[in-house]
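Asks: Shown below is the structure under consideration.
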């Protein structure tokens, strides 16, 4: 793609998200979400591969449906209450519809089925944008909606942690595994969003950091399925040695960074008296941890057979940019000790 067009599209991504961040009016927020969607569509279809075109079409139809539902709910709220302000949502009907529309936009269960299929058809760079940046604008709106009844969000969050863990067990494609990982992490963020929004922001920031590291590791190794992970030792041994730590941090294993949000969320749920909810969330985290362990085993403790079809991955001169990966890797692995400082900053 022409670099000027690429720059314009990336600018559109940033502009759409920024407009949604700054908006207090539902029409302005809707406009920001639409600019965001229209900017990423050409990035998704730039390779003209049938799978990429299929993924782009699915993504467009899903986001158009969610945007139409959000616009309908905001008009309904204005009709019932005379208010267009985001924080003045008082009627339960439009509030519920908008919550479901935003859940569809980010891929929250049970409205998640589009996310693994779309992510599977994209390249790793666009998949990284879809898994991280595209979640910021809907989360900004979810944080502002005053819900009188948190039951719907808790049920969707528990369903996400369960489906995200269960769905990734039998997958061999790395992009689908990362999609189910995203669904599971979304459940952890949403389960606490009405009780302690600062924890949701902390979990989202750490999820973006860890996912950034995982996607860059897969991109540098040029791997898209579990079988090709076994050839990573011959190409990038140092990155291959640190990759299991990234995956285990995504799984929430102490003493890595990914343990911090799960620990704080379970603690807050216990303070709110939601003991059963916290127990179910902790149990479903074990499912996610299993397929992260599976990826770690495939990457470090297996060797590829000698009769694989294709070119032997010799260790040639390595010229890819690794500075972003090294910075995100440090944050992915070593931020647990400064978690109290980070949580204090997010509450300011």
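Positions of Cβ are set from backbone N, Cα and C atoms, glycine also.
So TrEMBL has the following annotated:
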type	residues	note
DOMAIN	23-287	domain 'NADH:quinone oxidoreductase/Mrp antiporter transmembrane'
DOMAIN	289-342	domain 'NADH dehydrogenase subunit 2 C-terminal'
TRANSMEM	7-28	transmembrane segment
TRANSMEM	60-80	transmembrane segment
TRANSMEM	92-115	transmembrane segment
TRANSMEM	151-170	transmembrane segment
TRANSMEM	177-195	transmembrane segment
TRANSMEM	201-220	transmembrane segment
TRANSMEM	232-253	transmembrane segment
TRANSMEM	273-295	transmembrane segment
TRANSMEM	316-338	transmembrane segment
Asks: Looking at the stretches 7-28, 92-115, 177-195, 273-295, which one shares the most CB pairs under 8 Å with the transmembrane segment (151-170)?
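Replies: Stretch with maximum Cβ contacts: 177-195.
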Asks: Taking a Cβ cut-off under 8 Å, which residues six or more beyond the ends of the transmembrane segment (273-295) line up next to it in the same chain?
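Replies: Answer is 154, 157-158, 161-162, 164-166, 168-169, 171, 174, 177, 180-181, 184, 187-188, 191, 226, 229, 244, 247-248, 250-253, 262, 265-266.
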Asks: Looking only at the domain 'NADH dehydrogenase subunit 2 C-terminal' (289-342), report the model's average pLDDT.
Replies: 74
Asks: Below 8 angstroms Cβ to Cβ, which residues of this chain, lying six or more residues outside the transmembrane segment (7-28), approach it?
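Replies: Distant contacts of the transmembrane segment (7-28): 34-40, 42-43, 70-71, 74, 77-78, 84-87, 129, 133, 136-137, 140-141.
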Asks: Grab the same-chain neighbours of the transmembrane segment (92-115) for me: Cβ-Cβ under 8 Å, and only residues 6 or more beyond its ends, written as numbers and ranges.
Replies: 33, 58-59, 62-63, 65-67, 69-70, 72-74, 76-77, 80, 134-135, 138-139, 141-142, 145-149, 152-153, 156-157, 159-160, 162-164, 179, 182-183, 186-187, 190
